[in-house]
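Annotated in TrEMBL:
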- Gly77, Val80, Asn84, Asn342, Leu471, Ser475: Na(+) binding site (BINDING)
- 1-25: region 'Disordered' (REGION)
- 695-714: region 'Disordered' (REGION)
- 71-89: transmembrane segment (TRANSMEM)
- 101-122: transmembrane segment (TRANSMEM)
- 143-170: transmembrane segment (TRANSMEM)
- 227-248: transmembrane segment (TRANSMEM)
- 260-280: transmembrane segment (TRANSMEM)
- 300-321: transmembrane segment (TRANSMEM)
- 333-357: transmembrane segment (TRANSMEM)
- 459-485: transmembrane segment (TRANSMEM)
- 497-516: transmembrane segment (TRANSMEM)
- 528-549: transmembrane segment (TRANSMEM)
- 569-591: transmembrane segment (TRANSMEM)
- 618-643: transmembrane segment (TRANSMEM)
Amino acid sequence: MPKNSKVAKKELDEDVTESVKDLLSNEDMNDDQFKKSALYVDDSQTDKDVDIEEGSDTEDERPAWNSKLQYILAQVGFSVGLGNVWRFPYLCQKNGGGAYLVPYLLLLLVIGIPLFFLELAVGQRIRRGSIGVWNFISPRLGGIGFSSCIVCFFVALYYNVIIGWSFFYLSKSFQHPLPWDQCPLEKNGTKTFVVPECEKSSATTYFWYREALDISNSISESGGLNWKMTICLFIAWLMVCLAMIKGIQSSGKVMYFSSLFPYVVLICFLVRVLLLKGSLDGIRYMFTPKLEIMLDPQVWRGAATQVFFALGLGFGGVIAFSSYNKRDNNCHFDAVLVSFINFFTSVLATLVVFAVLGFKANIINEKCIARNADKILEMLKIGAVSHDLIPHHVNLSDVSATDYHQMYNIIKEVKEEEFLKLGLDPCQLEDELNQAVQGTGLAFIAFTEAMTHFPASPFWSVLFFLMLVNLGLGSMFGTIEGILTPLVDTFKVRKEILTIGCCLMAFSVGLLFVQRSGNYFVTMFDDYSATLPLLIVVILENVVIAWVYGTDKFMEDLKDMLGFTPFRYYYYTWKYVSPFILIALLGASIVQMCLSPPGYQAWISELGDERFLRYPPWGMAVCICLVLVAILPVPIVFIIRYFNIIDDGSNSLASVSYKKGRILKENSNLEEDDTSLLHSKTPSEMHSPVAGKSIYRKQNGSPTPEADTAPNGRYGIGYLMADMPESDL
């Protein structure tokens, strides 16, 4: 915290308390004096971005990015996360391969970039976190910022657990062979046998559910803490705390590694996998479009949801990061650049995933052919299949895929009635590629299984899980910044103390996710704590700018800030297109949630397989509470401010305490016209008209009682009156 922060105040004369209305009336009485005053600008501080506290001679310095590159890497690190690696490829695999890129790209242009640009612009213009920004623009809808912080906290709780899982796998990767390469053996006296749970599933699946998670059979069976994952979770929160404790001054430097390293790993993986057999089959499958699937509305809903979450809209991290920019930064360029970097990262990750899955599918297909060739050989020995059905050129000890499919089709035609009893498998490569896997199933089961077949598999395993850790940390930095920045701006607490307190509390609550049943709670939070609340938050953000503050006024503010008028395209998308699409997406999500039975995939150890289970009544109550707690601040703040429940008074939220004109507290906003930024701000929240310069006024006349109002409603975003003479207060 800078020395001249509002938290550190010199003791002056006796306290004085006046209502905001009195302060405003005093200001109106001095309008003539203000207009006659001469403006002096001190250029000695042009290198600093400084917020001038209204009514104070003290400057409130706000941290700034060391360079534009650091800022871009921070935004890229926040938006590019684990979803790009394990969610986007799954959607491509499920929704028509390359054809899925068409609706995704269209929706990125229609709702993704415009809304990302909107959040960047308001954060940069007002230079506050999400709470301060929406209080500034519309006090009655100031609950948007609080909802955003709550959602960020919920997501951070379980997102860091996934980073903890990645740490665990990273620690197990420094051995050869990899511990998930083979099923473990058990001894029973003189007999040695494969663990039944592993034999019924697979080595990688068993390692994930039993060795890593030590999972229980249902969410109701807690099973106690998993101490290995508890330690990994502590390490994850410790890294986040150390990186964030100094704000962007510390996290910004970490971004150089955490944002760039995943690209190095993805490119290395792509080059290596392309040299392996079958990788081109996977890529060919990806780029073979199934155009008919584009008519399915669920494909468009999935694409819109992915665009929405891929850019981190509504979390507050975008606003927080952009609030440390200079006001004349070209945030339109930033929005387009980061959005397309995010898109191309998703495509790159999809190429890698499909290449790996193609390689894995070929290995599984070869094993399937060898296994069924042995079956055919046994049938030939016992006479169940005639030797005449086997082509003469086929060598059953080394059967190619083409030869096997030829034998399979001949036997199927001849033995049409008895064919099912023979138990032969088709062993089609496409069948294996069609098995869509996402999330933890892709990262910790499918990908780990593929890496066991890589030459030098421990090396690639270390790289892969180190990449997941970096992807997760980059997103965590933005998520935590979306919590800390609004709270620091609003409550003026030391960031170091708040960071430590936030991380300790999150780790304590996060112990819920490292029980033996913790994976089921991760699923619950992922399904219910973010989707609906974030959609509602972004819809309200869009409506507040487009219809409450006004799109025309916002476009004028952007012209003044950027030095050029943004394309008219943004005017129509903000005002009409994106609200309509977002509301339709919200409705579709609610319908989908109602039609899908609320439940989770439970691992049944006796079966060695997953089964779908419904949440118990208390689980349903938790799901409902997650949604309600996240969105409740919006109506609560609206009701309090609309009905003026907290009255004016010396101890109320509608008063300001100060000492000789130096404001000490900023307690609330006036409940008047939401579109007027004058009526939504206490003087201490107002910003300097020129960023980075020390401003003061010399009085040339005496105050007059007449009030004069500027034609534009007096205030636009970022254009606020300079401080009133201390003597007049």
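The backbone N, Cα and C atoms fix where each Cβ goes, glycine too.
Annotations in TrEMBL come from automatic prediction, not curation.
At the 8 Å Cβ threshold, with sequence separation of at least 6, the transmembrane segment (227-248) comes into contact with the transmembrane segment (459-485) through 3 or more pairs. For the recorded Na(+) site, residues Gly77, Val80, Asn84, Asn342, Leu471, Ser475 set the reference point as the centre of their Cβ atoms, and the other residues of that chain within 8 Å of it by Cβ are Val76, Phe78, Ser79, Gly81, Leu82, Gly83, Ser259, Pro262, Thr345, Gly474.
Same-chain residues lying 6 or more positions outside the transmembrane segment (333-357) and placing a CB less than 8 Å from one of its CB atoms are 71-72, 75-76, 79-80, 84-86, 88-89, 92-93, 101, 104-105, 108, 112-113, 116-117, 120, 263, 266-267, 269-270, 273-274, 276, 279-280, 282-283, 285-286, 310-311, 322, 433, 442, 446-447, 450. Of the candidate ranges 71-89, 143-170, 459-485, 497-516, 528-549, 459-485 has the most C-beta pairs within less than 8 angstroms of the transmembrane segment (260-280). Counting residues 6+ beyond its ends, the transmembrane segment (528-549) has Cβ neighbours under 8 Å at 115, 118-119, 122, 134, 137-138, 141, 144, 147-148, 150-151, 154-155, 158, 305, 308-309, 313-315, 574-575, 578-579, 582-583, 585-586, 589-590, 593, 623, 626-627, 630-631, 634, 674-675 in the same chain. Annotation for Ser475 (Na(+) binding site): same-chain Cβ neighbours under 8 Å, separated by at least 6 residues, are Gly77, Phe78, Ser79, Val80, Gly81, Leu82, Tyr159, Gly312. All protein chains considered, the CB of Gly77 (Na(+) binding site) has 28 other CB atoms within 10 Å. The Cβ of Asn342 (Na(+) binding site) lies under 8 Å from the Cβ of Val76, Ser79, Val80, Asn84, Ala310, Leu311, each of these being in the same chain and 6 or more residues away along the sequence. Counting Cβ pairs under 8 Å to the transmembrane segment (300-321), the stretch among 101-122, 143-170, 459-485 with the most such contacts is 101-122. In this chain, the transmembrane segment (459-485) touches the transmembrane segment (71-89); three or more CB pairs sit within less than 8 A of each other, excluding pairs fewer than 6 residues apart. Among the binding-site residues Val80, Asn84, Leu471, the residue whose Cβ has the fewest other Cβ atoms within 10 Å is Asn84.
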